[in-house]
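Marked as domain 'Collectrin-like' by TrEMBL: 1-184. Positions annotated as transmembrane segment by TrEMBL: 104-128.
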Amino acid sequence: YAWDANEEYLFKAMVAFALRRYSSKSTTQISNVLLCNVTDRVSFWFVVTDSSKNVTTVPGSEVEAAIRMNRNRINSAFLLSDKTLQFLKITSTLSPPVEPSTPVWLIVFGVVLCLIVAGIFFLVVAGIQQRKKKNKQSTERENLEEKGEVTVTVENGIPCETLDLKAGHINGVFATDDERFTSL
């Protein structure tokens with residue numbers, strides 16, 4: 001964006017603000033911040049003078065610490081980030097990437113392993129229930145066959161309908177409600 005006198009004033013004000021906040025002195029003024037070698041690419045260096053002596057400069061380490069402490073406010077004032085507003089000799093304040101305490105592959109592995117264990121458990125329980133049901137049916141058939149009440153016919157390996165030989169079996173197709181027209 002366009003760097004003009006107003007932007008320079010804002011930058012000086014932000015540096016003065018940072019120094020005031022850092023050192024808790026209200027002696028730093030905007031006029032104490034001097035910009036030098038300003039270029040068209042918005043590149044410059046600056047010096048902060050001590051307002052009480054007006055000749056000496058504030059030590060660089062103090063200015064660096066003040067900017068580092070208030071860097072987010074300076075970035076916000078210019079609507080920039082640490083990638084776009086760079087101070088040489090001052091490390092950026094970017095936070096390191098967040099790494100979860102547990103690796104992602106371990107979480108995925110745990111979920112898949114739980115699903116496999118749940119599936120195996122389901123198959124075992126279903127097999128046990130099926131075997132109990134089959135054993136119960138076979139014992140009931142054996143009991144009925146021993147009594148002679150049921151005849152089991154097996155066709156092609158499939159047991160057919162059981163018949164009660166004592167009571168007989170009525171075929172519903174030939175039985176009618178109205179047998180008055182049929183003589184026996």
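Each residue, glycine too, has its Cβ placed from N, Cα and C.
Per-residue pLDDT, averaged over the domain 'Collectrin-like' (1-184), rounds to 77. When Cβ-Cβ distances below 8 Å are used as the criterion, the transmembrane segment (104-128) is approached by no residue of the same chain that is at least six residues removed from its ends.
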